Every structure is written in C-alpha cells, then in structure tokens.
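Okay, structure first, notes after.
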Amino acid sequence: MCDFMGNKNLACASRAEQKCFFDSFDCILSDMDGVIWVGYKPLPGTAECVQSLKTIGKTVSFVTNNGTISTDTIYKLLQNHKFSIGSKDIVNPITAYITVLHKLGFEKTAFVLGSTELQEELKKAGFKVAQNPPHPVGETISEVSKQLEDDKEIGAVIIDYDINLSMMKLQKALMYLRRSDCYFIIGASDKSVPFPQYGSVLGNYYFIESLKDLSGRKPLQMAKPSSDFTNFIMEQFNFPNPKRVLFIGDSITEDMQFATNSGFQKLLVLTGVTKIEDVHEWKHEEKYKPQYYVDSIGALNLILGKLKIKEMC
C-alpha cells in the first residue's frame, strides 16, 4: 500500500511511487477553470492528458462552479478543443439547480440573480422565472415601495453570478427570503473570481452574506465545497468508492476542501489561483493538503508518458 506524503511534486516522486499513485484510483473528477482552461482557452497538454488517462482505463468527469453557461455549452466548447468527453460527464450548478427543483416538486416562480443562459435553462426545464426589475428604478419612495411589494408567487430565490446585479435585485431577493416558504438556493460564493487580463473581479460572497445576515436564512448551496453539492455529485456519478476517486483542482479553499469533505484523493495544480508559494507556506488546515501537486495538467501528461502508458493498461 502506498504511503502518500502530501504536498509533494508528483514529478519528483520515483517511478514506482508515481505508478502506485495512478494505481490508487479508478475515477477522476476535475475542476475546469484554472485546471484545464483559462477563459475557455485550453491550457497546453490538457486534452492530451484526458485521452492518456482514458487510455489507462480511468474514467474522467468534470465539475465546475461556473453557473453562467449550461453544460451543453461547456460540452460544445470541449468538443471544439478536441477533448474526449461525453455530455453526461460534466456537472455545474445549473444541473444541480434543475435537479433540486424537480426533487422539491417546485411549481411556483423562481427569482433568479444570474446569467441569461441560466434563466433560459431553467425555463427549458419547465420552471417559471420572474422578470428582472426595470432598470433604472425611479429614485422616489413611492417607486421603490412599488418595486418591493411582495409577490407570493415567488417560491425560490436562486443566486449565481449576475454581471448585471443591482441594488434593486438584492432588495427584492431579501423581501422574498423573509418568507419561510421561499427556498434560498445559491451557487458559488467566492470573494473573487479569476478574470483574464484583470487578475480577478468581485465575486458573490459579500452579497450572499448580506442576504444571509438580514434574512436569517441558511441557503442550500449547489457548488463546491458544500456538502449539499457533494451529495448531488455522488448521486450524479454514482461512484462506488470515494477513496478510489481522484479530484484535481487549483484551489485549496474550494477544491481541496471539497475533495477532503467528499472523501476523495487530491491532486493540486498550479495553473489557477494557487501558486507554489501557497504550497510551501501552507496556511490552511492540514487535512486539506493534497497527496501531490503538479505544475499543470500538461506536466501530469508528461509523467504518464514517461511511465509508458501501454505498460499501465
């Protein structure tokens, strides 16, 4: 049995240790942004690595907190970039929202703070989505009061990343959430979101925290690293043994925490939010340490190549 040390560069491990590592899992669940691509542009060697992993008998699936586009759109992007992946092998918050609403037997209208594509996917799944409030709203007490009138038909508030978020949308969400019969469902709650050319932009964290605080409500979170999302993932992919699943991610607080809570093995890549300094100067709980890290998915493919893939099949 292998004794994985943790926080070790897989490329520096012995060939025997590397082979032992690959033999320790059957299924791979990988994050996407900062792992296989940045801004939907694939990182070098990622498509080739997916194929290499499949060649040695591993199943490969993707999970992302990106709830701004549908899994169908993601699948088409992957196909365009020559990734060998099936449409059912991708999960994101939109998939989870739809599944949860169906399980709840939801028949009312959802008030959605999210992308146009998210709203359209909910409609395609048979759910009613409330219209966005007018913009701008008249700056008078009477006009604001009119917009804040409760609508008892609203039965769920869903919060994802909304580039057109406004104070009025947040105010309306709060009014609905003050009713205990209104479901509170959220996606990713990051403080910041990686953004090409600008490093990062403001995430949902502070808006969600304000709504939680003022409504006194605890949301159902359908994104990493929540246990709600873990349960959904386990149902979606039906993994027979979580210990035989390897999770690949670029974030310690999101991906490594999610993998730890799910009972998965962990591989950290340094092409996203985590840098080598974060690995060497560890400031997180010890349990979140990955078994190994690699510089990139391309580097992982090079390791597989040196191990001679055919000998591992």
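Note: Cβ is positioned from N, Cα and C throughout, glycine not excepted.
Worth saying up front: this structure is predicted, and the values here are computed from it rather than measured.
Look at TrEMBL and you will find D31 tagged as active site, nucleophile. What TrEMBL lists as active site, proton donor is D33. Feature annotation from TrEMBL assigns Mg(2+) binding site to D31, D33, D250. Per TrEMBL, substrate binding site is recorded for K224.
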Integer Å distance between the CA atoms belonging to D31 (active site, nucleophile) and the residue listed as 'substrate binding site': 10
Surrounding CB atoms that lie within 10 Å of the CB of D33 (active site, proton donor), all protein chains: 19
Least buried by Cβ count (within 10 Å) of the recorded positions D31, D250: D31
Assigned conformation of the residue listed as 'active site, nucleophile' - DSSP reduced to three states: coil
Count of other CB atoms lying within 10 Å of the CB belonging to the residue listed as 'substrate binding site': 28
